[in-house]
Amino acid sequence: MGSSSSSYAPKTIYLDVDGKVQKVAFSRHCSPCDIKELLCSSSNIPRNTAIMMVDPEGALVSIDPTMPTNSPNSLYKVISLSTGQLGEKEDMFQNVLSQVAEQFSRAFRINELKTEVTNRLAMLEKRVELEGLKVVEIEKCKNDLKKLRDEMTSRGGGRVGNCPCKYNFSDDGKKLNPRRDVPSYPKYTLSQETIEALKKPTFDVWHWEHNEMLSCLEYMYHDLGLVKEFNMNPITLKRWLLGIQENYRSNPFHNFRHCFCVSQMMYGMINLCNLPEKMTLTDMGILMTAAVCHDLDHPGYNNTYQINARTELAVRYNDISPLENHHCAVAFQILSLPECNIFANVELEAYKQIRQAIITLILATDMARHGEILDSFKHKVDSFDFTNEEHVTCLKMVLIKCCDISNEVRPTEVAEPWVDCLLEEYFMQSDREKTEGLPVAPFMDRDKVTKPTAQIGFIKFVLIPMFETVMKLFPQIEEIMVQPLRDSRDHYEELKQIDDAMTEAQKKKTENMSLGGKKK
């Protein structure tokens, strides 16, 4: 009973009111609001005024039934917050409140950041799921793209010389560009054997499907450190490579497999010649990207045809390397797409230099400039200086030329099918030239050229002299690149001797048959 009665006993505190002791008693069951009214009345402060209570040391005392009691020797003081006389303790309190508010603000920003990161992760996860598209869906997408391209081409119309290109420059700049949210080619894990083979000129390019070639090219960019050097988004690299592949035509020779062939040979020469030790990673990126883009949208008819037939490309580029200029233009149209721009994170001035260097290399692949470029390199090679920008540029031009026409460096079983492809493309052009009444080059005429005659002169007077000049700077290429060219030359000379012997035998047989007929 005693404990029960004591819980109802009033609580007493002592206040300092204008220098006098004021005793205040209240029930332990009063609400904080009632206690505040009582304190206001006891301290001669109007009701409903915001107040606070402090002890003799200036510490805040909580105004509620649980507040600690005091004695007449340790008086509490009630202060009106509306009077503005809070003193230093009030300023401190306000500072604490401000700091708390700032911490809350920071916390909210962190939450916003967390929300943004979560949303981005969700988007990336969705893209990864999209990469698992079924083959049927991939093919349907490609077919739709092809139909759309054909439709755009048919609408373009009015092309001079009847040499259609996927990009119609005269149609107010409108062009069909590859747009796809997520690259659709599957990810291949390359075996160690394939990785090693990729670095050698003996690599057999005929054993690979397009999707596999795309994965190999992607690997080359990662392996050379180009993705890191140019801060490339790996997804953007995939989109760019897919856009490149879709903008090579299905020609017998100048197709995406040729693009891969040239790019793989460039990758092989970079490794064989230890170029990363002598040149910059930017130079490696320029060499690889120029190789990948060097024949984009090739129509299957060479510059001679373009100029003689007065095609749109020849007119546009004033008969000056019309195809090579077109390859450059298409390359940078693809790169102009944000989703395909592998150089998006490169500073503007650096990008301008990269762009100019890539254009220089692609234009160097015009065989009409072969003598000029090789002569320039011959004058530099004996005193070559890797710190001389002009020397390095000339070397890069020669390297892309070597890679572009390097098929005969490869083993015979890999190289010879390329000759058949090239002759098929040549014959398509010469047949068309005959139909249109245009001049026909003898080396492209199906009635005059044979495989040995097509190759012997090219190997002896173009390939071997150029590769032997490069060999002066990089002696290590002799065994793996120059000697195969000499073997290939000997191989075709033997074939020519056989062909000549067979032709002579057939000629004598015909003559004998003629003589026999006359005797009768």
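Each residue, glycine too, has its Cβ placed from N, Cα and C.
Lifted from TrEMBL, the feature list:
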type     : residues                                                       : note
DOMAIN   : 178-499                                                        : domain 'PDEase'
BINDING  : His254, Asn255, Phe256, Arg257, His258, Asp295, Asp404, Gln455 : AMP binding site
ACT_SITE : His254                                                         : active site, proton donor
BINDING  : His258, His294, Asp295, Asp404                                 : Zn(2+) 1 binding site
BINDING  : Asp295                                                         : Zn(2+) 2 binding site
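Features as recorded by TrEMBL, highlighted on the structure.
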| residue | record | Cβ contacts under 8 Å, 6 or more apart |
| --- | --- | --- |
| His254 | AMP binding site | Tyr248, Asp295, His298, Gly300, Glu425 |
| Asn255 | AMP binding site | Tyr248, Arg249 |
| Phe256 | AMP binding site | His210, Met213, Ile244, Gln245, Tyr248 |
| Arg257 | AMP binding site | Val205, Trp206, Met213 |
| His258 | AMP binding site | Tyr248, Asp295 |
| His294 | Zn(2+) 1 binding site | Cys259, Val262, His327, Leu361, Ile362, Thr365, Ile400, Asp404 |
| Gln455 | AMP binding site | Glu408, Val419, Ser488, Tyr492 |
Centre the Cβ atoms of His258, His294, Asp295, Asp404, go out 8 Å, and tell me which other residues of that chain have a Cβ in range of the Zn(2+) 1 site.
His254, Cys259, Val262, Ala291, His298, Thr365
Which one of these binding-site residues, Asp295, Asp404, has the sparsest Cβ neighbourhood, judged by other Cβ atoms within 10 angstroms?
Asp404
What is the maximum Cα to Cα distance, in Å and rounded to a whole number, among the residues His254, Asn255, Phe256, Arg257, His258, Asp295, Asp404, Gln455 annotated as binding AMP?
23
